[in-house]
Amino acid sequence: CQFDGNTISGYKRMIATKDSFQSFNVTEPHISASALEWIDPDSSLRDHINVIVSRDLSFQDLSETPCQIDLSTASIDGAWGSGVGFNLVCTVSLTECSAFLTSIKACDAAMCYGSTTANLVRGQNTIHIVGKGGHSGSKFMCCHDTKCSTTGLVAAAPHLDRVTGYNQADSDKIFDDGAPECGMSCWFKKSGEWILGVLNGNWMVVAVLIALLILSILLFTLCCPRRPSYRKEHKP
């Protein structure tokens, strides 16, 4: 379950207006079939108290929040892929409100691979997100809802970080952010990221493979030349 909304309930919003009225100390109310009664222990009320019950409070905008969040990616440990896992360190800045309970996700350009619940306070917050997934071209970013950090970091290869990686099996880690499955556009983005990752991080391997392909074609043409007279020699 992922909570993304406001932490101030309608009751707290109503209580926030109590400074606009005069308050009195009374006992616990006694509710009868037709009356709501209580006693004034201080005897400061000379007349009576009028209680007005209405539905004029607007509860339509309770899901909206004035909180503003800015995200930046600090560091990453671990490896991409589904075996080792990674730990993404995010710096989250909260403004416009004093506290905010929400979720921060670790995503690349295609999809998200982990999420954690964060109780943010005003100012800078350091959040650690443990996730699994991605590929060599994944640049993991810190995201909140649809907003992500401007830069992403690339994790190490699984065979290089097998020992120091985050091979987590704890129940308090969230590896699913509740997003729908990866669709057609998502797979195109993943394929593009993977190709760019291969070209950027392993360009020497690609160059060697291309050179071996050209050398194999040349050796094949030299060692196994085409025989145009084969049909004439075996003509019945």
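Glycine is treated like the rest: Cβ placed from N, Cα and C.
Taken from Swiss-Prot, the feature N-linked glycosylation site covers Asn25, and the record attributes it to similarity to another entry.
Here Swiss-Prot flags Cys67-Cys97 (among others) as disulfide bond, drawing on similarity to another entry. A sphere of 10 angstroms centred on the C-beta of Cys97 (disulfide bond) encloses 17 other C-beta atoms.
Annotation source Swiss-Prot lists disulfide bond at Cys90-Cys142 (among others). Counting only same-chain residues six or more apart in sequence, the Cβ atoms lying under 8 angstroms from the Cβ of Cys90 (disulfide bond) belong to Leu71, Ser72, Thr73, Ala74, Ile104, Ala106, Thr126, Ile127, His128, Ile129, Cys142, Ser149.
For Cys107-Cys112 (among others), the entry in Swiss-Prot reads disulfide bond, with the evidence type similarity to another entry. The number of other CB atoms found within 10 A of the CB of Cys107 (disulfide bond), across every protein chain shown, is 26. In three-state terms derived from DSSP, Cys107 (disulfide bond) belongs to an extended strand segment.
Remark: Cys143 (disulfide bond) has Leu71, Ile104, Lys105, Ala106, Cys107, Cys112, Ser149 as non-local neighbours, by Cβ distance under 8 Å and separation of at least 6 in sequence. Marked as disulfide bond by Swiss-Prot on the basis of similarity to another entry: Cys143-Cys148 (among others).
In sequence order, Ala110, Met111 are the residues of the chain that are 6 or more apart from Cys186 (disulfide bond) and have a CB within less than 8 Å of its CB. Marked as disulfide bond by Swiss-Prot on the basis of similarity to another entry: Cys182-Cys186 (among others).
Under the heading transmembrane segment, Swiss-Prot lists 203-223.
Annotation source Swiss-Prot lists region 'Binding to the ribonucleoprotein' at 219-236 (among others).
Per Swiss-Prot, the feature region 'Binding to the ribonucleoprotein' maps to 219-231 (among others).
Taken from Swiss-Prot, the feature topological domain 'Cytoplasmic' applies to 224-236, supported by sequence analysis.
Cys67 (disulfide bond) sits 16 Å from Cys148 (disulfide bond), taking the Cα positions as reference.
A helical conformation is recorded for Cys186 (disulfide bond) in the three-state DSSP classification. Rounded to a whole number, the C-alpha distance linking Cys97 (disulfide bond) with Cys148 (disulfide bond) is 20 angstrom. A simple way to gauge crowding: the CB of Cys112 (disulfide bond) has 21 other CB atoms within 10 angstroms, across all the protein chains here.
When Cβ neighbours within 10 Å are tallied across all protein chains shown, the highest count among the disulfide-bonded residues Cys67, Cys142, Cys148 belongs to Cys142.
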